[in-house]
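Asker: Supplied in structure tokens, the structure appears directly below.
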């Protein structure tokens, strides 16, 4: 449908013309474009950038970058610790039940003449955990004895559960996740024809139905072990990628600090030259502006020779960082590269939780098979197995 254009001649009487601001008109008339990903850092406009590039802005941006890296460092350390230890004991311990020292008070300070001494009333988490576990074990033993006594009293009237009843009782006490996993594993089976064909080819004779069912069950367990190893391999690769992305983000962060500091120095020099026309011999001291700042704006960035595009970009950036000229061209070049780094810093994502449900790849399966062979390396090979006098007739 087409809208009818409305002109000033067709408007009703006693109607005032509404004048919109310029930026709203431009926004309505401009074509719709894809919005860039938002992040903690903002890009620097190429026009009227002098009021933004101040020393206060440099320190605030630097603090924001350090805060983002600190949060990423905590996340990476937590994931690595979880990978190494297989999790923490937070699920088994309740921190509210444990206190350090008498009551909720802080532990007393060590005496001045005993630096390495430990207060007598200081309680450690491990000791409290052992005492709690012993109490729980004693209570469990007492409950078990009481239950056994009740069962002995009622043994004459009660009958043991059958295998089917025990199986139903086990299935009914599973949670949702355990129930879904059990159903998938219970319904999954290897192809009967393929198992029988493979066994017939290996044994060079026709196998019976019972042997086929046995091999199908063993193959199902073996496939489950390989899949579990493949999932572990995928998780480890995700953690490795997370570490690489974090290192890349730290590199980008340091380059951002250098470009921003160089731009701030150039803008401050330009402002001092324009405002101090009466004193042309006045020197611009950078050390007084940036005290105790570890960022070296003249340091060159490293690059790899096999990456041509990045190599050219870094080389041009190094020339701009080492340039002593304070021209508009140099400042615009620094702003262009700073904005590219800002976009890369904002889009850098070190989290991999959203990829947990991704499918397994053939690379994961191959690595899982390799790890499985290494784990079973201590088992004697089939060609060296034997029975009785070691004649090698086992499984023949």
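Using the three backbone atoms N, Cα and C, a Cβ is placed for every residue, glycine included.
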Asker: If you look at how TrEMBL annotates this chain, which of 262-285, 286-309, 310-333 comes out as region 'Disordered'?
Answerer: 286-309
Asker: Quick check on the annotations: TrEMBL lists region 'Disordered' for one of 65-88, 89-112, 113-136, 137-160. Which range is it?
Answerer: 137-160
Asker: In terms of Cβ proximity under 8 Å, which residues at least six beyond the ends of the compositional bias 'Acidic residues' (286-308) contact it?
Answerer: 55, 58, 62, 254-255, 257-259, 261-262, 265, 268, 314-315, 317-318, 321-322
Asker: Counting by DSSP, what is the helix, strand and coil composition of the domain 'TAFII28-like protein' (169-237)?
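Answerer: Breakdown, helix to coil: 57 helix, 0 strand, 12 coil.
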